[in-house]
Amino acid sequence: MDSGRATPEEPQGGNVGEEAPPESYRSNSKKEELLLGYCDNFTRQFKKLYGDRKPQFLRPVNECGIEKFACTTLRPTCLPYKELYDWDGAASFVAGYITCSPLHPPDELPQQLSSPTLVLSRQEGTSFDMSGLLCSLLVGVGYDAYCVSGYAMREVTEVDQGGKTCPLLEVGEKEEEGGVGGKLSRYLVRPPRDLSSQFERRQETKASAEEERKKREIEAANAPVEEEGEVDKYHGLRVHCWVLVLSGKREVAQNFFIEATTGESYSTDSELYLGIESLWNHRNYWINMQDCARGLQNLVFDLGDATKWESFFPSVDQPLLVVPEESTATLGEEKKPDDKEDFELPPSWVLPLHISSKDFETRCPQGKKTTLYHKSRLETFSDYLTSDGLVSRLSLYSDTARRSRVETRSVYRHREDRLERRVEEGGSGLVHEEFSLGRESALRSHTHSTIHHHSRTLTFYHNARVDGLRSRELASSEMVEVFQGRPDFLHQRSTAYLKTTPSRSSGDHRG
C-alpha cells in the first residue's frame, strides 16, 4: 500500500567524536596524574589486604590509549529531549541506539573504557561503555545513578533474549507507584486493606511458576538437538556492567537496576546478576565488601556504611556511619592533613555529549534493529526509513526455532491513509487494520481475509460521520450496516443481493 508520505527536513549536525580527539583525550593534566598515583597506592593497599580479590576497574585506558580514572569518564548531561528526562526513556534510547559488543574473554575486564562521545558516534560499545553513557544521562537529569561492575548470567552478558517473552506480548499493566522505579506521591489515596491470605497467594504464585517451568522443560525436551544449551563453563565468572539507581532523588521509591543493553529494569535481588565487585559515579568509587556467594539477595546498598562499601574518596557522596575515633592530639598540636581527603576530583575529560535531532529520530544503528525473543522476532525501524511508514514488525512463531510463522503485527507512522496497526494471521490469512481519526470516510478498522475475499468488516468513527455509520459487514450476498446517534433512530439496515439468471432469447423460446 502506498503511503504518500512527506519527507521531513534533515537537520544539520552530528555526534561529537567524529573529528580528531581534543587534548584532554590524548594526555593527562597534573591533577589527573596525581589522581592516578592515588589509584596506584589504593590498588597496592587493596591487593595486600585482599589478595584473593580480582583487580578493580579504577584506571582503564580510553580510546586514545591514555589511562583515565573511571569516575572522570562519566559526563553528566541533560539533553534537550523530553523522552530522555525519565529513566525508562533514557534506558530505551541507549538500548536501541547502541549495539552491544560482548567481552572477549568473557571473564576479564575490558581493555578499554571508551568515552560516551565515542560510543554515541560509533553506536557500538561494551556493556561498560553503554552503562557509562546511560549513567551520564541519568545523573544529568537528577537521578542517583551508578555504574556497577560485577558478574551476570550468560543470557545477560551476551544479550540473548531468546528465553524471554517479548515486552510487547507481556500481559498486564506496568507496576504502579512503589514498584520497580516507581515514584512516591504524598497525595496518593491509599487502597483498601488487602484481607486475602498472603500464604495462599504465595502458594498460587509458586504453583504458576512451577507450571511455567515444567512447560519450558517440555518445550526444551521437544526442541531440536542443535537448540539444546550447553553447560556454561564461565558461570559466575562472566564480567558485566549495568546501572544502579538508588532511591531518594527524582522521587524514586526503591533501589533498582537498569540493564543498559536492553533498557529493562530489575530489582536489586534479581537472579540474573550474580555478584558485584564495585560501583562508581562521577564523584566517587566504591568497592563491595559484602559476600556475594548467594548472589545479591541480602546485599545492602548503603554506601555510607564503611563495613560494606570501601570508598576511594572518604565521605564524598554518602556520610559515613562509623563512629569517629577520639583524637589523641593535644591542644595546640596541629593534625597532619590528608592529601586525599583534601583532594578535589578533576572535571570530566569527556567533551559535552551531543545528539543531533536527525540521529535522535533515527535511533537504531543504520535505522534498523532486530531482536530475537522466545518464539518471536521484533524488528524496529526509524521514522521515515521505510517507504510505507513501517516502524516496528513483530513476528510470532509456533516453534522456538522461529520457522513456522503464526502471526505478524506491524506498526506504522506518518501515513496519509492514517494506517497505524496491521495484524496478519498466517494460517487463516485474516488481516486486521486499524486507522487513526482523519480519513475522509472516518474509517476506524478494516478486517478481511487474503484467502476468502467474499467477506470483510469495516468499523467507523461514527461521531465523525454525518450519517452516524458505526460498522458495515460485507458478504457475498448481504450487507449489514449499524448506525448510532441518528436523529431518525435508524439502528440497522440490511441489504440483500439476489443472484440473477440471464433471460432466454426469443429465438430459444418454445411455445
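Glycine is treated like the rest: Cβ placed from N, Cα and C.
Worth saying up front: this structure is predicted, and the values here are computed from it rather than measured.
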In TrEMBL, which of 195-225, 350-380, 443-473 is labelled region 'Disordered'?
-> 195-225
Of the residues in the domain 'Dynein regulatory complex subunit 7 MORN' (365-501), how many are helix, strand and coil by DSSP?
-> 6 helix, 70 strand, 61 coil
Per-residue pLDDT averaged over the domain 'Dynein regulatory complex subunit 7 MORN' (365-501) comes to what?
-> 89
Tally of helix, strand and coil residues over the domain 'CEP76/DRC7 peptidase-like' (239-312) according to DSSP?
-> 3 helix, 30 strand, 41 coil
